[in-house]
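Chemist: Dumping what TrEMBL says about this protein:
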REPEAT    331-365  repeat 'PPR'
REPEAT    514-548  repeat 'PPR'
REPEAT    549-583  repeat 'PPR'
REPEAT    584-618  repeat 'PPR'
REPEAT    619-653  repeat 'PPR'
């Protein structure tokens with residue numbers, strides 16, 4: 001006969017994962033008792049044998065599944081020896097095994113996680129020469145990463161990639177990168193990316209998302225720009241990917257890039273290009289994750305607010321927002337991100353523009369939106385606006401966040417509206433968290449108003465406040481955080497309570513500290529002229545393994561100016577450069593201060609020129625350092641040289657600049673020149689404060705302040721100090737006094753022979 005049983009047998013052999021088990025037909029026949037020398041062929045006997053083999057195979061598979069379940073149950077119960085014994089029983093069976101027979105075990109180890117047992121399982125798989133498949137490899141890497149063994153996971157991926165039999169696939173690398181993000185480990189992430197490039201694995205959207213998170217954690221803005229550049233070379237931007245890039249730019253303070261991408265997102269949504277839906281409670285892209293060359297130059301494409309008109313915008317929400325709730329949520333989240341970034345940078349103008357655009361788009365602001373918006377538009381001088389916005393939220397049935405109330409309370413406190421601040425804090429009837437106490441230490445740790453020094457009464461009051469807040473914090477089961485510790489140390493330092501500050505530092509050293517914490521203590525000690533203690537704390541900081549940063553070195557160099565040690569300052573500058581920190585304006589200022597204390601004007605001016613040649617923009621404090629000493633020594637030539645340098649470097653003077661220059665001329669008897677110089681310097685101060693040209697504002701300023709006969713004119717000027725506009729107030733007072741002396745006030749430097757003379761003198 002033709003033996004029709006061969007076809008089903010071939011089917012059975014071929015279906016049982018032939019690529020993994022690799023059984024040959026002759027071996028299968030021999031195990032069945034069938035061979036070519038059996039003397040003839042019996043169809044009935046062959047069929048019976050076939051059915052029996054199939055039955056045995058099914059029994060073996062069932063046994064292996066039961067053993068896997070027993071191993072997992074043993075691990076769940078903590079019976080590791082029992083699990084190891086069952087694993088040994090599984091691998092010592094007579095039947096061939098494949099990676100499929102270990103998936104349940106490896107999957108459990110990945111989720112537990114159990115990195116020890118996963119490696120034990122991998123070891124026995126190697127002994128039986130069982131090839132890993134992609135799922136097994138992913139489970140092993142997950143177990144190692146979740147168990148905190150990034151080093152072992154990295155070695156495992158590296159070793160497997162060198163084996164021709166199997167190479168890790170992109171999901172494995174992506175998971176490893178995600179673990180690097182969670183642990184903030186940039187070194188292993190870099191190694192992983194190198195491997196991916198060497199092995200030409202490629203990248204997908206998950207890869208780019210992990211790289212973005214890592215760049216944000218590392219505060220690496222150039223890296224985010226580079227990732228965006230590579231992304232648009234392979235993908236067209238969707239609102240979901242734009243959301244991730246906008247989030248990254250806002251976290252790193254690049255408000256301009258975030259705003260541009262937000263407008264691009266609005267344009268995509270208005271065209272109905274959404275490609276997003278909810279799946280298993282999470283947002284997912286509906287388009288295939290296949291690299292697609294971008295058809296637009298996104299970074300150069302700027303979609304202005306007018307690019308999506310009100311009519312189109314409202315239609316977009318009606319047509320796509322209600323039918324595609326995820327898209328509406330993504331839009332609102334991205335607007336919130338940019339508005340919160342406005343709050344960080346105090347960009348009230350852009351925040352208001354974005355709120356208006358949200359309304360035009362039909363996006364209803366949430367409590368989170370208002371939290372960022374209030375941070376942007378309500379500051380100490382405009383705390384009333386913050387209160388107004390809280391009423392608007394109440395009208396919209398939106399409950400403000402605790403952080404929102406705390407923010408407005410802080411602004412009220414800084415504006416000396418203490419009763420209103422306490423009223424807002426009383427509304428925080430929820431159990432206070434660490435953020436609450438951090439704010440309390442920041443707001444109420446200091447007793448004196450700005451510019452006032454601590455005294456015995458204020459120091460006692462400060463201690464009472466801090467102790468009361470700390471006791472309440474302990475009652476709520478909370479301990480100091482690094483932020484609260486810094487706020488306490490800053491408050492004690494501001495009150496001049498050196499010993500109490502040192503005791504708090506010593507207690508805090510038992511927990512994790514940061515370099516920034518030591519910097520607060522060092523600066524406070526320096527302001528108290530406790531130079532010996534500054535040096536002692538600096539040495540202790542270095543001994544404890546805390547690295548000095550640029551601020552630390554600048555504080556120590558400033559300390560050298562007090563102890564008159566230029567040699568020590570130069571040694572610190574060398575250490576600073578060796579640690580990768582470039583000298584800044586404050587560094588040059590401290591060095592000049594040391595030289596000027598030794599009356600070495602020539603070297604100090606050389607440093608001034610060196611800073612300019614190196615492209616370092618010195619600030620008004622740097623120039624005032626030289627002016628102060630030149631005024632004390634009566635060196636008019638140096639004073640005039642510095643004033644002209646400030647003009648050329650476009651550094652606006654401040655009230656101290658005016659004081660040093662005016663009094664230097666007066667003490668030398670040049671009274672007319674002194675008044676003219678005061679007039680010109682005041683104009684330069686106004687130029688930095690008034691947006692319009694002085695010629696346009698001349699009439700208004702003269703009528704309201706400078707030449708006004710209103711007895712309340714000076715009172716009105718002084719009110720500007722309360723709005724934190726010190727330079728504007730000082731400039732107007734100076735000009736008013738010039739007018740009262742009977743001198744004609746000039747409103748252009750071109751009318752000043754003194755200013756022209758300096759310009760021609762130092763060509």
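The backbone N, Cα and C atoms fix where each Cβ goes, and this holds for glycine too.
Annotations in TrEMBL come from automatic prediction, not curation.
Could you give the neighbours, burial and distances for every feature on this list?
Modeler: Here the repeat 'PPR' (331-365) is broken down by DSSP into helix, strand and coil counts: 29 helix, 0 strand, 6 coil.
Here the repeat 'PPR' (514-548) has long-range neighbours at 482, 485-486, 489-490, 492-494, 496, 498, 501-502, 505, 508, 555-556, 558-559, 562-563, 575-576, 579, meaning same-chain residues at least 6 beyond its ends whose C-beta is under 8 angstroms from one of its own.
Summarised as a single figure, the pLDDT of the repeat 'PPR' (549-583) averages 92.
Away from its own ends, the repeat 'PPR' (584-618) comes close to residues 550, 553-554, 557-558, 560-561, 564-566, 569-570, 573, 576, 625-626, 629-630, 633, 635, 638, 641, 645, 649, 651 of its chain (Cβ-Cβ under 8 Å, at least six residues beyond either end).
Counting only same-chain residues 6+ beyond the ends of the repeat 'PPR' (619-653), those with a CB under 8 A from a CB of the stretch are 585-586, 588-589, 592-593, 596-597, 599, 601, 604-605, 608, 611-612, 660-661, 663-665, 667-668, 677, 681, 684-685, 687-688, 727, 755, 758-759, 761-762.
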